[in-house]
Each structure stands twice: as C-alpha cells, then as structure tokens.
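Since the structure comes first, as structure tokens, the remarks are kept for the end.
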C-alpha cells in the first residue's frame, strides 16, 4: 500500500474542507428558504448539515464561526481561505437554487428606519451571534467541549442556534451568518430593488464583530482554564 505523505494529507484535508463546507452551506441556505425561516426548522437543518458534512470539514458553514475559530487558535489563519471561499460559493448557490426553483426569498432586511431601530437591530444581531459563537467555540474545541459524544455536541449547538435565532428574529430576521445574509439579499434585490442592500452592513458586520467578542470572552475564560499549569 502506497504511503501518503504529510503534504498529501494536508491537500486532502483542504480539499475536504472546500467540498464539504460548500455543500453544507449550500444546503443550509436552501433549507432556510424552504423552511420559510422558521427558527426550529433552520436549526434542524443546521444539525443535519453538521451531522452529514461536518466530520470531514469541521462543520462551520459560517464565516463568523471560521473567524472565531482562527482568532481562538482552533484553526490556522492560512486555512481560513479554504473555509471562506466555499462558504460564500455555497451560500450563493443555495440562494440561487431557491430563487430559480422556488421563487422564494427570506433575506434578512429592515426598512430604512431611525437610528434607534438600526442600533437595536445591530445590537440584537451581535448579541445573538456572540452567544452562538461562544458555544460554537466551546463545542468545537476538544478541551472545552460539553460532551465527547459527537451527536450530543451537535444537538447542543443546534439548540443554542435555535435560541439565538429566536432572540434576534424579532428585530433583524437574521441567520447569524454573513454569507447566507449577503447571498439571500443579492437574489432578493434581483427580484425587487437594490435599496435592500442599504442595511446589509448590519448582517455582515454584526457577526464579524461578534466573532471578535466571542473569541475575547472564550480566550479570557475558557482558554485560560484549560491551559493552567
């Protein structure tokens, strides 16, 4: 049997990341549209995608999770590109399929409202994303995982995602996912008008800022506990 070199192993790993992050994000976005954005159905979709595709890629399907994992030391910075690219490609693919086949859209969007309403939406997006990302870090990092059983870990994370979406959906109708939000909004704009892009910064900037906050919290609390001498 031919021996596989370390470089070949890394190439296979990156290939798996690309393929399965693309497929997972694709189906997650498509499921979110098919479910009419019902939080529990999207959470079930996330569970299914992580269960089927997550073992070979890590099951991020979300640029905010990837950023938090990189900042927290869970993955090398150089690996982020192999997550980001398929996540956005998969998100746009899922949005395109739902737009073409179902003629449906569930893009996160709020009208051009007063500063107070925009601030409330941004706050809700950041709080929901921060809580979800903290638990994602806890679950994905072996030393702090709440359970050594993979199925139990996925159930826990899916339930947290459901709870966080229930919190934010009243104010921002968000998926807590920049790639999903951007792709769905672009196709929504193609069907209507591009004015909907005006507040897109909330759904992209919110989770990115949340990734930084979640990493800071995790590093200060959990990371310091697991690395005591």
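Just so you know, glycine gets a Cβ as well, placed from its N, Cα and C.
Where the annotation comes from TrEMBL, it is an automatic prediction and has not been curated.
Per TrEMBL, the feature transmembrane segment maps to 16-33, 39-56, 77-102, 122-141, 200-219.
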_If I count Cβ-Cβ pairs under 8 A between the transmembrane segment (200-219) and each of 39-56, 77-102, 122-141, which range comes out on top?_
122-141
_Cβ-Cβ under 8 Å with the transmembrane segment (39-56): same-chain residues at least 6 beyond its ends_ = 16-17, 19-21, 23-25, 27-28, 31-32, 150-151, 154-155, 157-159, 161-162, 165-166, 169, 175
